[in-house]
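**Student:** Quick one: the structure is below, and I'll ask about it shortly.
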Amino acid sequence: MKDLLKFLKQQGKTEEFEGIKIGLASPDLIRSWSFGEVKKPETINYRTFKPEREGLFCARIFGPVKDYECLCGKYKRLKHRGVICEKCGVEVTQTKVRRERMGHIELASPVAHIWFLKSLPSRIGLMLDMTLRDIERVLYFESYVVIEPGMTSLERGQMLTEENYLDALEEYGDEFEAKMGAEAVLDLLRAIDLEKEIEQMREELPSINSETRRKKVTKRLKLIEAFYTSGNKPEWMILKVLPVLPPDLRPLVPLDGGRFATSDLNDLYRRVINRNNRLKRLLDLAAPDIIVRNEKRMLQESVDALLDNGRRGRAITGSNKRPLKSLADMIKGKQGRFRQNLLGKRVDYSGRSVITVGPTLRLHQCGLPKKMALELFKPFIYGKLEGRGLATTIKAAKKMVEREVAEVWDVLDEVIREHPVMLNRAPTLHRLGIQAFEPVLIEGKAIQLHPLVCAAYNADFDGDQMAVHVPLTLEAQLEARALMMSTNNILSPANGEPIIVPSQDVVLGLYYISRERVNGRGEAMAFESVAEAEKAYRVGAAELHARVKVRITETIIGENGERTKQRRIVDTTVGRAILSQILPAGLSFDLVNQDMGKKQISKLLNTCYRQLGLKDTVIFADQLMYTGFQYATISGASVGINDMVIPEEKYSLVADAEAEVIEIQEQFQSGLVTAGERYNKVIDIWASANEKVSKAMMENLSSETVINRHGEEEKQKSFNSIYMMADSGARGSAAQIRQLAGMRGLMAKPDGSIIETPIVANFREGLNVLQYFISTHGARKGLADTALKTANSGYLTRRLVDVAQDLVIIEDDCGATEGLSMKPLIEGGDVVEPLRERVLGRVVAEDVMYPGTDEVLAPRNTLLDEAWCDKLEQHSVDEVQVRSVITCETDFGVCAKCYGRDLARGHIINMGEAIGVVAAQSIGEPGTQLTMRTFHIGGAASRASAENSVQVKNAGTLKLHNAKYVTNSDGKLVIVSRSSELAIIDELGREKERYKVPYGTVLDTKEGAEVNAGQIIANWDPHTHPIITEVAGSIKFVDMIDGVTITRQTDELTGLSSIVVLDVGQRTSAGKEMRPAVRLVDDNGNDLTIPGTDVPAQYFLPGNAIVNLDDNAKISVGDALARIPQESSKTRDITGGLPRVADLFEARRPKEPAILAEISGTISFGKETKGKRRLVITPNDGGDAYEEMIPKWRNLNVFEGEKVERGEVIADGPESAHDILRLRGIHNVANYIVNEVQDVYRLQGVKINDKHIEVIIRQMLRKCIITQAGDSEFLEGEQVEVARVKIANRDLEAAGKQPAKFERELLGITKASLATESFISAASFQETTRVLTEAAVGGKSDNLRGLKENVIVGRLIPAGTGFAYHKNRAKARASGEETAAPTITASEAEQNLADLLNLAGSQE
């Protein structure tokens, strides 16, 4: 009996499999799956509702309609199991076989499979080397194709029209064979000898010169090799037999009223069967060719529609005009099999309800309505009731629960105790969107949620709903408690800062309790303990904000964790003393002895977590919340109209601005300024007026003057409610207060341009109709934007998750020695991100030395925690090599050392952590906060971009980075290199600021000189680009002929004349070939050379250059020979926000990218063509020169004869990530993408750790292009996973063979997701048909390595707790121990089962 149960359990388990292979099915294979041929299009008999014989629902083919009962009713009950009824031919078995038994249709004429024909690139076309158009013409009977040319002049695969065919017949008779339709294509495919083709193409490849032809041949070779290695035969792409889906997967359901609801597939199959039968009959009758042809074409079309409706021609529609859903539609898209049923399922033991606040809960609790709990925990309750003997059977227990007997509630309490439940709020944007809590039973119907977890869920209580899920098994409960409990998720995985931070009311209450007030009641009292201070407050002797002296007791935790108490007297307020009571032992009182805003509270919690650990922090957070709520109530802060104080200065400031605007308007009308300038100036005037008003308002609001107890006036922070809310960070911001009490300011039109008349009123004064109308513009656009943003952000997250889903920590240390070098991020002079924030939680890649010595400060493989970062700061280290995911050497995963600290836990990351998904969520989750718009640069912004000097902010020492310079006659330095940077170093050697300085900058100080804050140290002209001479001498004009290559112009204002070089297009034919230049000679007229080389000092002048010198003039080093006017670069729109992030991760090439030098060498210009310049770079080592054609309108940064390094910018523009990777390497491209993405997020004040972006970049760099195949089996130009090549190369090197050489390639995230090795993952992402077609042709197998594939096949994922499970299975496999089934034969089991059932039957 036990054996039987074991056997039945065993039946549920499928055999273990290690992968899934996809391939083409041969006609014989399809027949072997089938249980019979479907010959008739009938479905079921409409009177008896029984399936028709040999029809689409035939019981004989597919199995019985009722369990263990044949169709005619001769055999019923289990004992006849396996009998085939002789009357109706139905096997007596379970009805569920109708879900798995397939049928088939023998097609009267072969039919091409539309996926292999039409999904691009067409596989059949590639195989036959014919165009898709031609093949379609053959298939749809429009022309003939030659199959066997025989002894004629025709060629195999040649297309013949009807006339050509008849002509050929007359000429050659039956020497040759030509056909049309799928038979023709079938014959052509059959005739291909794969081995021979491969040999031929391999021989042919090296000799091909044309790039396109080579690409085509490689593609074809890869396809044919795929067929050859996978054992697929090309003719299987043409169907001779069509499989029929099991009927229960395309059900026909009777509705009431005699109608039927049916799956579209039945209609499509019926069409195919009808046409197939008609074709058979026509062939039997030997009908005229044209009729048969038409029928064959129709059969082809109906099969196309069944497989992929709408891919060719118009989609076949049903009775209600909508296209029928074909087999391809069943699996693709959001509603398809993959995304609807395999990746996301509905689960039982779940419920949902509205949420409300639970301010009395502890952090690990949630309030669960009794009704819900009763329903969710039913099986547990039944079990308990039965176990206690309160109910004899499950049925009785059920009745008790339905009647809600008193005992049931006691049992429920017991069941629920310590049984965590999971709460989830949609949309689940990151892993904190599902957390576990211990339920507390409550009355009512709403779930109660702890206020501190709202931030993680992004929940509010305006009607949000949440879902509850019950973990059933012990393991599930354990995981929920250990990993998902809200108390274990205090830090955000995105940036490692606390996410359980009080907000709103709580912040306001804590801020209120910690404020001080001048001359408050009880000021200057002294208390011997905190308790005494509190007593004084409770009896009313002192108020909360009074400044007093209190003796406090602090616990100090020493180095070794020993605790010592110490007492001291502090100046504080009563409120802060009371607040210090909840401070956990071990934290200093100074942390609360300040105004507690949101930032301070967050820091306090962070410090608490780092110093005292999880438990204390959780308790403390709860206490903070209770205290905050209590004192927020006591504070009575509320918003009244009198709190919005309008500054008196407002009206005069507005009047001044209006006067200025009128003045500009007058200038415009008299033609002194252009329309554009006028608009920009007006907007600037109003923007600055708005700033001034809001400044005056904030000064007015934020402080008040009071009389202190010595009778003197003293300023103190104001207790204005609105100001307190904003200052504490509880709600609102200066910008919002400005609209309430300042002026509303400038508004934008929906297209993003600014309306030049601002709204001068504020909300307290009220808006008039026009002002209100202008406001609605922006407000409505905001709403529309939000809707778009949500969708876009969600799609970005989906792509990120898809590309990174298979990255898991799989080993401890890969031993990689290289890493990324981290420096503080400095932008335009400010330190945006100090070094400690960038390296915190990373592992050191190379020993960090004490600056200036060779003594090791932090050895390799140190995990830099807070203490180490403090050390680095003390010793002013300004660059650290840290290990990074990008340089990790692990194949198919990442090692813990390269990843560093797990941000959500604060220690080094665990094995099996799914870092890819965490990274994707961290980047995607704040997506909705990013803006959607592209910024038009106008007004203030565009002038800021035309900087012309560097003003230092900090005192320090001047240092130049990769700069070449010459000293001019005034003794100043002139920069003559391109990408130079200037940095200010403080006395500790730390870099404080850094600026880019262009070519031609004049420096007022020498390198290494001391500079003071506010000093201007560098100047340049932003509107022209000078040509600086590096030698002194006299100038000689070359090819500068007036009227041919140059013209003279006289400046109207100054009367000075200057020479302007004509552009090539403007010159006469005589001047086209001339190259105007300035040559430098000494006093004797001999050519001078550029110092250190034998290159003559000759400077070629580009078109439009202006020369202010005359022939033979004397000049000195560092003077400008000529100036090239720079058109103020067209105000480009900078793509901001979400679209910019998407562009970076998709690695899109910008429209007009910067042009970078492909090789290092010397620049020269070759012969020009119409509209283009020829740029030639001659390498210094005398290799082949590199040529590139550059459009004339691009501003070049280089002159003839200048030396450039590989990857240097030649023409400005946005840099393309692909170019950076190719020319400057992986480290640079990684830095570029990380910094660009971070810029967008930083602008919105969102913190994301660099690690997460690096994880995505690793996935973007996962493929490479083979440049030299060596002895490997890769093809040149093939795209392969880097890990694959590395593994292959290791084997080759071990065998002493030539390894393959490769070049890394950067793929956008969509491309990278579709290019994964796992076809299941790729198919469930996008372009399902294309992915599956490609996989089938190549006979790919999926090893189920990633997370997504395992979810789809219904296994534990190989990450987290499933990581060990997969590891153990791999071990068991390696040692060959497969799980053995118990020794019981099927017949024994049947016998046992029959006995059992008969026993049960006799008892009834």
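The chain as shown is numbered from 1 upward.
Placed from the backbone N, Cα and C atoms, the Cβ positions cover glycine too.
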**Student:** With CYS888, CYS895, CYS898 listed by Swiss-Prot as Zn(2+) 2-binding, which of these, CYS814, CYS869, is given for the same site?
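**Tutor:** Swiss-Prot names CYS814 for this Zn(2+) 2 site.
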**Student:** Say we define neighbours as other CB atoms within 10 Å of the CB. Which of the binding-site residues CYS72, CYS88, CYS888, CYS895, CYS898 has the fewest?
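**Tutor:** Sparsest of the binding-site residues CYS72, CYS88, CYS888, CYS895, CYS898 by Cβ contacts within 10 Å: CYS72.
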**Student:** Quick check: which same-chain residues outside CYS70, CYS72, CYS85, CYS88 lie with their CB within 8 A of the centre of the Zn(2+) 1 site CB atoms?
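**Tutor:** Everything else in range on the chain: LEU71, GLY73, LYS74, TYR75, LYS87, GLY89, VAL90.
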**Student:** Return the residue, from the listed binding-site residues CYS70, CYS85, CYS814, with the maximum count of other C-beta atoms within 10 angstroms of its C-beta.
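**Tutor:** The largest 10 Å Cβ neighbour count belongs to CYS70.
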**Student:** In the structure shown, which of the binding-site residues ASP460, ASP464 has the fewest Cβ neighbours within 10 Å?
**Tutor:** ASP460
**Student:** Between CYS88 (Zn(2+) 1 binding site) and ASP464 (Mg(2+) binding site), how many Å separate their Cα atoms?
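**Tutor:** Between the Cα atoms of CYS88 (Zn(2+) 1 binding site) and ASP464 (Mg(2+) binding site), the distance comes to 58 Å.
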**Student:** Please report the number of other Cβ atoms within 10 Å of the Cβ of ASP462 (Mg(2+) binding site).
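**Tutor:** ASP462 (Mg(2+) binding site) is surrounded by 5 other Cβ atoms within 10 Å.
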**Student:** Can you list, in sequence order, the residues of the same chain other than CYS814, CYS888, CYS895, CYS898 whose CB lies within 8 Å of the CB centroid of the Zn(2+) 2 site?
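**Tutor:** Same chain, not in CYS814, CYS888, CYS895, CYS898, Cβ within 8 Å: GLU811, ASP813, GLY815, ALA816, ARG883, VAL885, THR887, GLU889, THR890, VAL894, ALA896, LYS897, TYR899.
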**Student:** Can you tell me how far the Cα of CYS814 (Zn(2+) 2 binding site) sits from the Cα of CYS70 (Zn(2+) 1 binding site), in Å?
**Tutor:** 63
**Student:** Using an 8 Å cut-off from the Cβ centroid of ASP460, ASP462, ASP464, can you name the remaining same-chain residues around the Mg(2+) site, in sequence order?
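**Tutor:** Those within range, site residues removed, are ILE355, ALA459, PHE461, GLY463.
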**Student:** Restricting the comparison to the binding-site residues CYS70, CYS72, CYS85, ASP462, ASP464, which residue's C-alpha is spatially nearest the C-alpha of CYS898 (Zn(2+) 2 binding site)?
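**Tutor:** Nearest candidate: ASP464.
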**Student:** Using CYS72 (Zn(2+) 1 binding site) as the reference point, find which of the binding-site residues ASP464, CYS888, CYS895 has the shortest Cα-to-Cα distance to it.
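**Tutor:** Closest recorded candidate to CYS72 (Zn(2+) 1 binding site) by Cα: ASP464.
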**Student:** Which binding-site residues from the set CYS70, CYS85, CYS888, CYS895 come within 10 angstroms of ASP462 (Mg(2+) binding site), judged by C-alpha positions?
**Tutor:** none
